[in-house]
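K.L.:
From TrEMBL, here are the annotated features:
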| type | residues | note |
| --- | --- | --- |
| DOMAIN | 4-119 | domain 'VOC' |
| DOMAIN | 142-260 | domain 'VOC' |
| REGION | 279-304 | region 'Disordered' |
| COMPBIAS | 295-304 | compositional bias 'Basic residues' |
Amino acid sequence: MLTSLAYLGFRSPNFAQWAELGPDVLGCMRVPDGEDGAVRLRIDDAEWRLAIHPGEEDEVAYLGWAVESERDLPEYAARLAAAGIEVQQGSAELAEARSVDQLIWFIDPWGFRHELAWGQYVDPGTFRPGRPLTGFVTGEQGLGHAVLILPDAAAGHEFFTEVLGFRLSDKIARPGGGYSRFYHCNGRHHSLALAEVPGSVGLNHIMLQVPDIDDVGTTYDLCVERGVPIRKTLGRHTNDQMISFYLTTPSSFHIEYGYGAIEVDESWVPATYRRPSTWGHKLTDEPTAKSPGILRRHPQPTAG
């Protein structure tokens, strides 16, 4: 079974700007670049969690999901093949580049590349934040979460729950109809969310969680001081109850930087909400505030 969001990769013409944003603003630790010059960032004992590769346009390169055991990889390969998804075995060179023992990968019905990995390499006790910071909430909960944009969230629900095994946490009604859907694979309220935008696919934001509300405040101040665009003001979500704000990265997508999310367990019962926040999270006047993130047109897909 999937256990967490292990790592994320992006491509961007502005990849070099992450060398400053990552450590100086977000508090990540910069580690040696990838072979292609990718800026790689660390937030815990894992050798790295975020990689921003050189690219001609902003796009999601891959989403890496950890599995519980080696046995899960062939089981997932069979399950994906039964759903009509072509699965590739990751080479030793690819596994080394991702800092994992082994992996398989596939392209989902919407064009996203997912990598299922086992044995993520760690270096305990050597994480040093790029600036004064308490740290990040990771461990069994993984990196954080990613919010994908799909043309049909209902089809996405079928694929991600029936094929990959995610469990629904809750839904939030969207203006004009439909729902954003939130999914967990561990104690984090959601490691994946799906937002519906007809005819489009992309990624709206990723989330990093810190263990101290002051870390959120100091990061907000640094964004203001350094001119990092704030997309949404400080606020609290209805569903996971996280207190957070949203900043816009040099690579089109946004980062939710937050504290205090609730955790879920096997007894969790999904709920439905009419609004995403109990207070705050207002769009700012920044030119990037209304950007949906990384977005491209896509025909209506079918799951599998």
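Placement of Cβ uses the backbone N, Cα and C atoms for every residue, glycine included.
Mind running through what each feature is packed against?
P.N.:
Residue counts for the domain 'VOC' (4-119) under DSSP (helix as H, G, I; strand as E, B; rest coil) come to 30 helix, 49 strand, 37 coil.
For the domain 'VOC' (142-260), the model's average pLDDT works out to 97.
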K.L.:
Could you give me the DSSP helix, strand and coil counts for the domain 'VOC' (142-260)?
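P.N.:
For that range the per-state counts are 25 helix, 55 strand, 39 coil.
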